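Chemist: Got a structure for you, written out below as structure tokens; questions coming shortly.
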Ligand code: NAD
Ligand code: MG
């Protein structure tokens, strides 16, 4: 039995991870579960999977959920609680399905405790890729991608040499507004933005897909996961989300990974690697799909993607600030406080006011993250 801990268990990736666990009885033991809210669902999950340790976001939530949990479960809360669940159990792998840079301290603690990471929480790599990859290399733990594009690239690189890669290309569905002009984006609503054409995901990443910040975060994530310079990372619009990403080699061969859009496939692969297990995912029929479409990415239409490349090339605290400003801007958009296009204005303005620090340590990252959040709130 493989022991795993899961942080962010009540979200889109979290619940699909538990689906995978359910579909493979006898393969997994859940040693720890953590969530931010939705304590009704969380209590059910804890009662069903019986982790040794559990954690919720706040003390108040912990007091409310305690009576609903089996008595022998050790309950924690807050950042320390997340760290306890991620690093303080016998798990061999930790699935990071929490959203935002809030996942960073727990991810680093898990790596320091020698756990492999099945990584969905891309914001941690964007915020502190140099620290996370350095720690993983030093501890000899694997960073196994859960993000579908990165799982695709990871699979296309199997048995190959990274120095023989000419370019990797991440495909992008284009999100909820891919066919609108910038003029038409002025008055879009939160409800419109939350309707993603191909994937059902958490609110934040759905907005990130519409602004193309998600692809920007993924470009930076790919840079750290595969150790490639930004010049060798491309993005291509592909509305059907059937080709999840591809790798071009120096001999001209292109290897792609395809499948129906179902996150349980890359989640499961991160947990079964290097093996492949049966899955209930709908099989891909290319005859049924008929046609696939591709379009060059328009960086004027999606300026947040251009900004992500720029921040990635600058390095240091630039990507941390890009991410933190976006997290605040998206929360403000979701609460009806700003318009859709103001998300990009906020990111751009915060970045323009930032003095980049090169090679920041964890404290440097945390202070840049705090600074960017305060600045993004104040605009
Ligand atoms: P979500 O909003 O559906 O779920 C987030 C989870 O994190 C919830 O369980 C929430 O309670 C928990 N959480 C949030 N703040 C917390 C805190 N401070 N302490 C403890 N728990 C906290 O998000 P999601 O769509 O599942 O995305 C999770 C991560 O996976 C994100 O980084 C996202 O970019 C990435 N991702 C998601 C998808 C997808 O299909 N949903 C695909 C690829 C990558
Ligand atoms: Mg993705």
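Every residue gets a Cβ built from N, Cα and C, even glycine.
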Chemist: Suppose a student reads TrEMBL and sees 147, 149 listed for Mn(2+). Which of 79, 84, 90, 218 should they find annotated at that same site?
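Modeler: Candidate in the recorded Mn(2+) site: 218.
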Chemist: In TrEMBL, the residues 122, 148, 149, 173, 209, 214, 215, 218 are said to bind 1-deoxy-D-xylulose 5-phosphate. Which of 116, 130, 196 is said to bind at that same site?
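Modeler: Answer per TrEMBL: 196.
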Chemist: Of the candidates 175, 202, 216, which does TrEMBL annotate as part of the NADPH site that also includes 10, 11, 12, 13, 36, 38, 121, 123?
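Modeler: Within the candidate list, TrEMBL flags 202.
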Chemist: Please identify, from the binding-site residues 122, 196, the residue with the sparsest Cβ neighbourhood, meaning fewest other Cβ atoms within 10 angstroms.
Modeler: 196
Chemist: Less than 6 Å between Cβ and the nearest atom of ligand 2 is the rule; apply it to the binding-site residues 12, 36, 121, 122.
Modeler: none
Chemist: If you draw a 10 Å sphere around the Cβ of residue 214 (1-deoxy-D-xylulose 5-phosphate binding site), how many other Cβ atoms fall inside it, taking every protein chain shown into account?
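Modeler: Counting Cβ neighbours of residue 214 (1-deoxy-D-xylulose 5-phosphate binding site) within 10 Å gives 26.
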Chemist: Using a 6 Å cut-off on Cβ distance, which of the binding-site residues 122, 149, 196, 214, 218 come close to any atom of ligand 1?
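Modeler: Passing the 6 Å Cβ check against ligand 1: 122.
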Chemist: Rounded to a whole angstrom, what is the C-alpha distance between residue 196 (1-deoxy-D-xylulose 5-phosphate binding site) and residue 147 (Mn(2+) binding site)?
Modeler: 16
Chemist: Within the domain 'DXP reductoisomerase C-terminal' (258-374), how many residues are helix, strand or coil going by DSSP?
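Modeler: Helix (H, G, I), strand (E, B), coil: 68 helix, 3 strand, 46 coil.
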